[in-house]
Amino acid sequence: MRTIGWLLLLIGGLAGGLSSAAGQPSAPPDTIRGDAVAPSPAPASGDLAGQGGALEATPLFYVAEDAATLHNRSGLNAPVTRLAMRTPVRRLSCEADWCRVRTDGGTTGYVAADALSNVWIRVSKRKRRVYVYRGAELAHAFEADMAYNAFADKKRNGGKTRPDHWRTPEGTFYVVHKNPQSEFYKALVLNYPKVEDARRGLDAGLISRAQYEAIRQAQQEHRMPPMGTDLGGWIEIHGDGTGDATAWTQGCVAIRNGAMDVIWEQVRVGTPVLIE
């Protein structure tokens, strides 16, 4: 199950983030975008069992933080193309500071080893826990405080007159910014609202067409989306948690500062986050 979740998270959830509606600009031909990979359906358990050895032999990673250059050889003198942040790749082998990888489209080459990560986060609202994985392997688990309404999915901005809407959104996200000087110790800012939230908000009359376009553009450029619309924003995994799995935040996930210190060095901009 964890392997299925990891594959879906990278290839299906985060890699297929943008709408394919007509009129959107396409990626330059010399750039492989992390959001340009078509979503993949969940493999049947039998299919996964039959592929287990191959999956382990070519573990799944993604390009973290900035775009990475793909080279013909393990050096800086043979560039082939650019891999955008969050592009999923299969790591075939590593030697010294370079890894040989294969993209979803079948392109093979070398990237700097420090450009890759396989760390991702799963948040269980029901269990009130944060899980940190390296690929399919669980590395850490922490008790977490949740939102005032810890059970429902987020639909719009909450407030003192709408405390029921202090909710944590569900779905696949990624860390779009790391704030080392947060009001709540340290914070991993998530890329909410996304295009799908903006589309829903536009249909419901919560945001304007201009706000929708601003959110869409931010997602396309891997920037922080507008946080001040009626959809809400500033959804974070941050510190100053009680460690008692209480419900007090306005939509964020709070863990104890010691737990935040553990994951801070492992999580990078681009790290996938699954909230369920």
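Placement of Cβ uses the backbone N, Cα and C atoms for every residue, glycine included.
Quick caveat, the model's predicted, so the values are computed rather than measured.
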Review point. According to TrEMBL, which stretch among 20-49, 80-109, 230-259 corresponds to the feature region 'Disordered'?
Key: 20-49
Check your understanding: Between Cys252 (active site, nucleophile) and His238 (active site, proton donor/acceptor), what is the CA-CA distance rounded to a whole number of Å?
Key -> 7
Revision key, fill the gap. Close in space but at least six residues away in sequence, with Cβ under 8 Å from that of His238 (active site, proton donor/acceptor), the same-chain residues are Ser182, Phe184, Tyr185, Lys186, Ala187, Leu188, Cys252, Val253, Ala254, Ile255, Met260
